[in-house]
Amino acid sequence: MICYSFAKNVTFAFLIILQNFFSQHDEEYKYNYTCITPTVRKAQRLESVINGIMLTLILPVSTVVICTLLIYYKWTKQTITSPYLITLFISDSLHSLTVLLLTLNREALTNLNQALCQCVLFVYSASCTYSLCMLAVISTIRYRTLQRRTLNDKNNNHIKRNVGILFLSSAMCAIPAVLYVQVEKKKGNYGKCNIHISTQKAYDLFIGIKIVYCFLWGIFPTVIFSYFYVIFGKTLRALTQSKHNKTLSFISLLILSFLCIQIPNLLVMSVEIFFLYIANTSCLGTIQREIVQIISRLMPEIHCLSNPLVYAFTRTDFRLRFYDFIKCNLCNSSLKRKRNPLTIKN
């Protein structure tokens, strides 16, 4: 897959660059770490409040969706996209849990050591990459399904291979994220997780990592989903029968909702890279950069909230499965024989 080969090359390149960059420590990077104004504190506190509100919605909804899809897929195995959707929602849940830990750590409600900080940030970056790439995979499968009108790809080994490749590539893309993690020690080796940049070359490498993430989290998903939105609008309506119009409308809604979140996210990431590039160490520049980074950190949470709501509860099929889940009917063999959903549904 493209993401796998790209991630592999990027990871090896970063490791080589890292070895060359950090072999020299004579150039000290001057960064204004002391400019913490009331505006920055209020923005950080507002970020924590917004994260708390989103997490109270994301975690319960994702749990219900995961349980419903797991039980339904275990007893019916009717749709090929169900395993992909399950891993997508699990990845979103892991991302939300890491946000919860980082928020508690920033508010001094919990302390982490160096290894835990690196692990949390690694999972944060890997889950974000995995979720965005998995959305593209699901859209590709839906396009192939509607175009061919049949599913010829029900091999579990094939599904496991795709998930495994995507998992490994996401993990490799997340490796650079842990390079700058340091702990502001408060209780022994435990304290607050921070991003510390010690040299100018390390700062340049940090900007390079941000550019790669801008491609993986911004440009790549936006281009892929824009392409699919155009294809669904022009090609699939001419190929599919009228009975699939609801499915086409549903897919268009999914992609359009994604683009409504992703395009502003891409703009915010581009502005963040711009502020990092100009390296304005004044107090005003630090405040502007911090506010942009706060907005950039909130955008993935909006994705995590929208995925289960749009991909699950806006679809009639899932609502029926959810009602069966509440009524404990998913394990009813007679109901299982009665219901034989279309292969394109999930």
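Cβ coordinates come from backbone N, Cα and C, glycine included.
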Same membrane side per Swiss-Prot: Ile159 vs Leu320: yes
Proximity of the transmembrane segment (287-310) to the transmembrane segment (160-181), 3+ C-beta pairs under 8 angstroms: no
Per-residue pLDDT averaged over the topological domain 'Extracellular' (182-208), given as an integer: 81
Surrounding residues of the topological domain 'Extracellular' (109-115) on its own chain - C-beta under 8 Å, 6+ positions past either end: 101, 181-183, 186-187, 189-193
Segment-segment contact (the transmembrane segment (246-272); the transmembrane segment (116-142)) at 3 or more Cβ pairs under 8 Å: yes
Residues of the parent chain within Cβ reach of the transmembrane segment (32-56), under 8 Å, 6 or more residues beyond its termini: 96, 99-100, 103, 106-107, 281-283, 285-287, 290-291, 294, 297-298, 301-302, 304-305
